[in-house]
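S.K.: Let me begin by handing over the structure; questions about it come next.
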Amino acid sequence: MEQRKLLRVLAGETVTPPPVWLMRQAGRYLPEYRATRAAAGSFLDLCYNPDLATEVTLQPIRRFGFDAAILFSDILVIPDTLRRNVRFVVGEGPQMDPIAPHEIAALDPTHAETHLAPVIATVARLRAELPTETALIGFCGAPWTVATYMIAGHGTPDQAPARLFGYRHPAEMDALLALLAEMSADYLIRQLRAGADCVQIFDSWAGVLDELSFERFSVGPTRRIVERVRASVPAARIIGFAKGAGPLLERYRSGTGVDAIGLDWSVPFSHGAALQRGGPVQGNLDPLRLIAGGRALEEGVDAILDQLGAGPLIFNLGHGITPDAPIAHVEALLRRVRG
Ligand SMILES: Cc1c2[nH]c(c1CCC(=O)O)Cc1[nH]c(c(CCC(=O)O)c1C)Cc1[nH]c(c(CCC(=O)O)c1C)Cc1[nH]c(c(C)c1CCC(=O)O)C2
């Protein structure tokens with residue numbers, strides 16, 4: 001029998017208690033991460049250093065025994081491969097050179113193979129070093145979410161620059177998303193071949209799109225990734241996380257063909273349970289309940305287990321863990337989920 005609980009759930013099985021991992025589980029809330037990060041130099045140096053990236057991926061597994069490890073990297077390594085001058089400014093988040101419509105045709109993906117080789121080496125190292133029962137998750141950003149950063153040159157509250165770009169320059173937007181979809185699929189295929197057990201596609205900014213744009217900019221390019229990955233790795237298991245897409249999630253699943261749907265905390269349980277009748281779901285604790293701890297944490301965990309625990313569920317937060325999450329609260333979450 002498959003030992004990795006997360007893979008059993010992705011195959012459609014209900015596992016009790018459910019497997020649990022946390023988005024962004026390797027990160028600044030851990031003192032050991034902060035120490036490795038300080039020794040690494042820049043954030044991207046850490047992503048491209050197989051020794052250190054392996055170390056920070058394993059840190060939360062050693063400390064908490066999560067059921068899955070997620071490769072330590074970032075969705076913005078793809079624009080970095082495209083030489084967009086990506087940098088992570090402490091306290092300000094990611095920055096890069098904003099791309100203009102006329103520059104898109106000249107983007108050159110040919111550096112990807114060599115540029116991303118250290119990340120693929122990290123995947124192979126991780127699969128060799130992880131406990132047998134721990135699943136290894138690879139990932140990429142969805143083309144739309146990666147494009148929002150490439151167009152604005154930094155994070156914005158509502159991704160207005162990328163939305164306007166899509167309305168004013170639809171052909172260039174389609175070309176950019178098609179390139180990102182192709183590069184992302186190739187990147188996921190390499191991760192799967194190097195030892196990732198499954199992959200997650202992060203569409204963190206899906207929720208700012210209207211229905212027409214969601215179909216064109218989120219669903220279509222994600223479907224191209226799924227098709228291309230499955231053409232090379234037919235057994236690939238894929239989790240799609242379209243944050244904020246609530247009422248469109250059924251459409252997202254049927255339109256993209258992902259195996260499992262990530263839920264953010266705004267998705268009602270009734271909707272999550274309806275989605276779950278068609279396949280596994282992952283989520284969806286508000287990360288702020290983890291910061292608050294106590295009753296807020298317990299009732300949040302219990303509600304997810306009560307409402308979604310009878311079907312295929314991967315327990316997770318509804319978005320990434322934040323740097324101010326207390327370690328004792330992560331331990332309390334795990335005790336509550338595992339009973
Ligand atoms: C939008 C996005 C990014 N990166 C990612 C997303 C999608 C998920 C989401 O919505 O949170 C995904 C991501 N980023 C990181 C991982 C590693 C694996 C893990 O989940 O533990 C993963 C899966 C490391 C990281 N990526 C980043 C850090 C913190 C940087 C540091 O340590 O200096 C980490 C651990 C930096 C980053 N990277 C990104 C931003 C906006 C930021 C700045 C915000 C912040 O600082 O939290 C882009």
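Don't overthink the numbers, they just go from 1 along the chain as shown.
Positions of Cβ are set from backbone N, Cα and C atoms, glycine also.
Pasting the relevant annotations from TrEMBL:
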type    : residues                                                         : note
BINDING : Arg24, Gln25, Ala26, Gly27, Arg28, Asp74, Tyr149, Ser204, His319 : substrate binding site
DOMAIN  : 19-28                                                            : domain 'Uroporphyrinogen decarboxylase (URO-D)'
DOMAIN  : 137-153                                                          : domain 'Uroporphyrinogen decarboxylase (URO-D)'
SITE    : Asp74                                                            : site 'Transition state stabilizer'
S.K.: In terms of DSSP three-state secondary structure, what is the assignment for Tyr149 (substrate binding site)?
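M.R.: Assignment for Tyr149 (substrate binding site) reads helix.
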S.K.: Please report the distance from the Cα of Ala26 (substrate binding site) to the Cα of Asp74 (site 'Transition state stabilizer'), rounded to the nearest angstrom.
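M.R.: Distance between the two Cα atoms comes out at 12 Å.
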S.K.: List the residues of the same chain that sit at least 6 positions away from Arg24 (substrate binding site) in sequence and have their Cβ under 8 Å from its Cβ, in sequence order, or write 'none'.
M.R.: Gly320, Ile321
S.K.: For Tyr149 (substrate binding site), what residues in its own chain, 6 or more apart in sequence, show a Cβ-Cβ distance under 8 Å?
M.R.: Leu76, Pro79, Pro94, Met96, Gly155
S.K.: Cβ-Cβ under 8 Å from His319 (substrate binding site), same chain, 6 or more residues apart: which ones?
M.R.: Met23, Ser204, Lys243, Asp264, Trp265, Pro287
S.K.: Pull the DSSP breakdown for the domain 'Uroporphyrinogen decarboxylase (URO-D)' (19-28) and write it out as helix, strand, coil residue counts.
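M.R.: Counting residues per DSSP class in the domain 'Uroporphyrinogen decarboxylase (URO-D)' (19-28), I get 0 helix, 1 strand, 9 coil.
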S.K.: Using the alpha carbons only, what distance in Å do you get between Arg28 (substrate binding site) and Asp74 (site 'Transition state stabilizer') once rounded?
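M.R.: Taking the Cα atoms only, Arg28 (substrate binding site) lies 14 Å from Asp74 (site 'Transition state stabilizer').
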S.K.: Might you list, by sequence position, any residue in that chain lying six or more from Asp74 (site 'Transition state stabilizer') with a Cβ less than 8 Å away from its Cβ?
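M.R.: Those within reach of Asp74 (site 'Transition state stabilizer'), by Cβ under 8 Å and sequence separation of 6 or more, are Phe43, Leu44, Cys47, Pro94.
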